[in-house]
Amino acid sequence: MSKIVDIKAREILDSRGNPTIEADVILESGASGSACAPSGASTGSREALELRDGDKSRYLGKGVTKAVGNVNSAIRELLVGMEVSDQKALDQAMLDADGTENKGNLGANAILAVSLAAAKAAAVDQGKPLYEYISDLQDDDNEYSLPVPMMNIINGGEHADNNVDIQEFMIQPVGAPTVAEAIRYGAEIFHALKGVLKKRGLNTAVGDEGGFAPNLPSNEAALEAIMEAIEIAGYKAGDDVTLALDCAASEFYKDGKYVLAGEDRSMNSEEFADYLAELCDRYPIISIEDGMDESDWDGWKILTEKLGKKVQLVGDDLFVTNTRILQRGIDEKVANSILIKFNQIGSLTETLDAIKMAKDAGYTAVISHRSGETADTTIADLAVATAAGQIKTGSLCRSDRVAKYNRLIRIEQELGRAAYHGRKEFKLLG
């Protein structure tokens, strides 16, 4: 047991060269923890507010000195003297002080950085790894589980400067025996894909999340390139490795139509659901994220009725890690999975609440990074602690992405036992 004696924050840079906030929580025992807030590019309209300065003379208006100031003044005054191990009380105190539904006063980035830094400090104080400390915060007895990585090896949409409409084309090494081997599968396929693209005379520059970002004639062309890379790397698509998509459909939903500009196609909700179903028939796709616009609930119902019994349908912009919105989805039988992003909701306690609600309803939970990341690896510990079973943390290059994979490898070695369950994490696969 140890009380907080100091909190400090600073403005640092994320993986896109934009400012973000880093916070330190220092305890009377001498233990401390530091954490950073990530930032998204394609964001849901109902996400908690990321407080930016808006001063165009600094960082093009994206500075976070207001959020830093809130940590160094209001939040510091609020939390100094409180017991660090009472995570719920710390988070609730910040939520009450903010007083808004979207954390618009103090800023979700300020609250989150402190919330995670406090958890890290408490873990150090108690001599526990972070995943063990987070696990202890939950009401149920989860067994640790190493998540199946969902590796984004072709980037499109808002994550790349190319003509590909679907935002993420991912591979999942479901046939690997360990997380270290899953990461090896992914790395080998990533390098094979580079060769495939080079052979076709395509660009092998990478996007925000480390995946390749070539101009391609269609979404199918991206899938075909990945299928070829899987084979060249010596793996079998559908058995060793499956595919996943993040459509980020809100980014190309215009006037009630899904407009694939790269393919010069425009579809209504039912037609787009049919399009996705056809892709699933042709390729071993077992997960689709944001297959409809966040406001197109009727479209989501169509998609869920069409694919929900055989494909994981993940709500990201749809649910924004918010239990109130997730409950509506559960009640209306929309989607069957939720993407979990710390900064969409803004505190560790609320994040754990969303994971629990999803699990209790039979929904899966996919722990996720953001496109604007740092070296912070907390999401790896969160995935293990909650036995979520799946993690999205980008491709197999860029140190901001690889840091999370390396953390998973270290955790697996620490646990010293098999905790990677591969395809068993996908109940729809049987």
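Backbone N, Cα and C define each Cβ position, glycine as well.
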Open item on the list: Given that Swiss-Prot assigns GLN167, ARG370, SER371, LYS392 to the (2R)-2-phosphoglycerate site, pick the one from LYS194, LYS341, LYS356, LYS404 that the record assigns to that site as well.
Closed with: LYS341
Task: Further Mg(2+) ligand in Swiss-Prot, beside ASP246, ASP316, within candidate set GLU278, GLU289, GLU350 - done: GLU289
Task: Rounded Cα-Cα span from LYS341 (active site, proton acceptor) to ASP316 (Mg(2+) binding site), Å - done: 8
Open item on the list: Taking DSSP as the reference, which of helix, strand or coil describes ASP316 (Mg(2+) binding site)?
Closed with: coil
Task: Entries of ASP246, GLU289, LYS341 which, being recorded positions, have CA atoms within 10 angstroms of SER371 ((2R)-2-phosphoglycerate binding site) - done: none
Task: Cα separation, LYS341 (active site, proton acceptor) to ARG370 ((2R)-2-phosphoglycerate binding site) (Å, whole number) - done: 7
